[in-house]
Amino acid sequence: MELPSNLLPDEASPEWMNKGDNAWQLTAATMVGLQSIPGLVILYGSLVKKTWAINSAFMAFYAFASVLLCWVSWAYQMSFGEKMVFFLGKPNVALDEKFLLGKAFLGNFPNATMVFYQGVFAGLTLILIAGALLGRMNIRAWMLFVPLWVTFSYTVVAFSIWCPDGWLAKRGVIDFAGGYVIHLSAGVAGFTAAYWVGPRADKDRETFPAATNNMIMVLAGAGLLWMGWSGFNGGAPFVASTIASLAILNTHVCTAASITVWVMLDTFYFGKPTVFGAVQGMITGLVCITPAAGVVQGWAAILMGFISGSIPWYTMMVLHNKVNFLKKIDDPMAVFHTHAIAGALGGILTGFFAVPKLCRLFYMVPDWEKYIGLAYGLQNKGATQAGLKQMVIQIEAIVFVICYNVLMTSLICLIVRVIVPLRLNGDALQMGDKAIHGEDAFALHSEATKFVNIKRNQVYDTQDFSSIPESRSLGELQMV
C-alpha cells in the first residue's frame, strides 16, 4: 500500500524527520516561551508594588530577547555543540542553513527546532534570576548581566549535564527537564546576584500580599506558567511518546499535591489561605518534579508534591526569618526557596524514586548500571550499589551547580559593576518606573491624570468633566 503523498519524504521533509515529533517539539517550545512571555512578565508585573510594575515586566521581556540573540550567535553551540573541554562546547553560530536543516543531535527533527526549544529554556532561566533582583537593579547593569551570564554560566551547566559529551552526563546524572540546569542554577544565581546588588528600599520591602498590585493578574500569570509546564516537561523526551505523556501527568499531579500542602500549612499556621501561598506551592511543585517527570511513577510524583509543598514552605516561611544571613538578602520572588531549594529536592528525590525501566526508555540505553533509583536498588539484590551510586551522582551534580553558579555569578557582578553601578541611585529607588522608563503602569491612579480628546487633541488637566462636550464619549478619550 502506498503512503499518501503528504507523508512521503521530500526535500522539505527528509526521510529521517518525524513530522509528528517535529510538530510536538515546536508546540512544546512555544508553550515554554509563553511561560516567559507573557506568563512571568504578568506574574512579576503584578506581584510587585505598582511603582515597579513596568520595570519588573521589562526586565523579563528584555532578558528573553537578549538571550535568544546570544543563543543563536554562540551560546547554543557552547551548550550542545562540539566539545572544546570536558564542560563546554566550542562557540559557533547556529544560523547556517545547512546546519539548521540537518538532523538534531537527539530526536527526529531538524536542528532549527532544537535550537529554538533549548533557546526558550535559556531565556526562561534568566527571567527566573530577575525575580531575585526586582525593584533595585540598575537596568543598564541588567542589560550587561544577561548576555554575560548566559554565555559563561548557563552554557557550562547545560553542556555538563545535558550534552552527551558533558562530564556529568557521562557520569549518569538524571535531570529530565532542567531541575539542575534551569531551576537550581537560577535559584543560586539569583540569590548570589541579590547579595551583590543589595536590598530594595525599605518602603518597597513590604511582605506579600500587601505589596501586590493585582492579585487576579497574579493568578493569570501563574496559570500560564502552570499550563506551559506541559511543554516544559512534555518536550524533554524529544519525541511524542508514552514517556512524554507520563511526564505531563506527573507534572500536574505533583503540582496539585504541592499546592494543597502549602495552602493547608498556611491555613493551619496563619489562619487563612492566600493566593500568594498557593502560587508559591504551585512553583515548588513544578520545579521539584522537573528533574524526575518522566522517570518516576505517579505515586512518587504525589509524594514529591507533598515534600515540595512542605520543606520549601518551612525554609521560606520559618527558617528564612530565623537565619540572619537569609534575612539580609532581599529576594522579592523567593527564587532561592522556590527554585534552588525545590530544584535540589527534586534532584535528590529523582535519585531515590527513578524507575530503571522508565530511565531506559527515556535515555534509550540498555546500561542498567546507570539510572537506577535507590528505592529500586534496595529492592533488588545486586542493584543496591548502583542505587547508592546514583544518589551520589545526583548530589555531586547539586554541589557542582551551586559552587559554579556562586563563583561565576559573583565574578560577573563584579565585572559589571566596574562598568556601570549594579544598583539604582536614590532618586530612582524612590520613584521607580517613572524615573527608569518614564512610564506608568497604572495611569488611572496617577495624581496627574490627564485626558486627551483625540479628535480635537485637547488636554484636560482637571478631573471635572463638565467642560467636555456631552457629545463626546469616553471612548474618544485617551489617558496620557
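Keep in mind that glycine also has a Cβ here, set from the backbone N, Cα and C atoms.
Keep in mind it's a predicted model, so treat the numbers as computed, not measured.
For ASN111 (N-linked glycosylation site), the count of additional Cβ atoms within 10 Å of its Cβ stands at 19 [all protein chains shown]. Per Swiss-Prot, N-linked glycosylation site is recorded for ASN111.
Residues or ranges marked as topological domain 'Extracellular' in Swiss-Prot (evidence: a curator's inference): 1-27 (among others). Confidence across the topological domain 'Extracellular' (1-27), taken as the mean pLDDT and rounded to a whole number, stands at 83.
Residues or ranges marked as topological domain 'Extracellular' in Swiss-Prot: 73-113 (among others). Counting same-chain residues at least six beyond the ends of the topological domain 'Extracellular' (73-113), those with a Cβ under 8 angstroms from any Cβ of the stretch are 14, 16-18, 21-22, 25-26, 29, 67, 119, 122, 150-151, 154-156, 158-160, 162-167, 238-239.
Marked as topological domain 'Cytoplasmic' by Swiss-Prot on the basis of a curator's inference: 135-141 (among others).
Helix, strand and coil counts under DSSP for the topological domain 'Extracellular' (163-175) come to 5 helix, 0 strand, 8 coil. Residues or ranges marked as topological domain 'Extracellular' by Swiss-Prot on the basis of a curator's inference: 163-175 (among others).
Swiss-Prot lists 197-214 (among others) with the feature topological domain 'Cytoplasmic', giving a curator's inference as the kind of evidence.
Under DSSP, the residues of the topological domain 'Extracellular' (236-242) split into helix, strand and coil as follows: 1 helix, 0 strand, 6 coil. As annotated by Swiss-Prot, topological domain 'Extracellular' applies to 236-242 (among others).
Residues or ranges marked as topological domain 'Cytoplasmic' by Swiss-Prot: 264-274 (among others).
According to Swiss-Prot, the feature topological domain 'Cytoplasmic' maps to 320-334 (among others), an assignment based on a curator's inference.
Taken from Swiss-Prot, the feature topological domain 'Extracellular' covers 356-394 (among others).
Annotated topological domain 'Cytoplasmic' per Swiss-Prot: 416-480 (among others), in sequence order, evidence recorded as a curator's inference.
Residues annotated as transmembrane segment in Swiss-Prot: 28-48 (among others).
Here Swiss-Prot flags 52-72 (among others) as transmembrane segment. Counting residues 6+ beyond its ends, the transmembrane segment (52-72) has Cβ neighbours under 8 Å at 33, 36-37, 40-42, 44-46, 93-95, 115, 118-120, 122-127, 129-130, 133-135, 137, 139, 142-143, 146-147, 150-151, 204, 213, 432-433, 436-437, 439-442 in the same chain.
Away from its own ends, the transmembrane segment (114-134) comes close to residues 25-26, 28-30, 32-33, 35-36, 40, 44, 48, 52, 55-56, 59-60, 63-64, 66-68, 71-72, 75-76, 79-80, 94, 100, 104-107, 142, 146, 149-150, 154, 158, 178, 181-183, 185-187, 189-191, 193-194, 197, 200, 232, 235, 238, 331-333, 335-336, 339 of its chain (Cβ-Cβ under 8 Å, at least six residues beyond either end). The transmembrane segment feature in Swiss-Prot is assigned to 114-134 (among others); the stated evidence is sequence analysis.
Feature annotation from Swiss-Prot assigns transmembrane segment to 142-162 (among others).
Sequence-remote contacts of a segment are chain residues at least 6 beyond its ends whose Cβ falls under 8 Å from one of its Cβ atoms, and for the transmembrane segment (176-196) they are 121, 124-126, 128-133, 145, 149, 153-154, 157-158, 161-162, 232-233, 235-236, 247, 287-288, 290-295, 329-331, 335-344, 346-347, 350, 362, 397-398, 401-402, 405-406, 408-410, 413-414, 417, 422. Marked as transmembrane segment by Swiss-Prot: 176-196 (among others).
The transmembrane segment (335-355) and the transmembrane segment (28-48) are not in contact, since fewer than 3 Cβ pairs between them lie under 8 Å (pairs 6 or more apart in sequence). With a cut-off of 8 Å between Cβ atoms, the residues of this chain six or more beyond the topological domain 'Extracellular' (356-394) that come close are 168, 171-174, 176, 237, 241-243, 246, 294-297, 347-348, 350.
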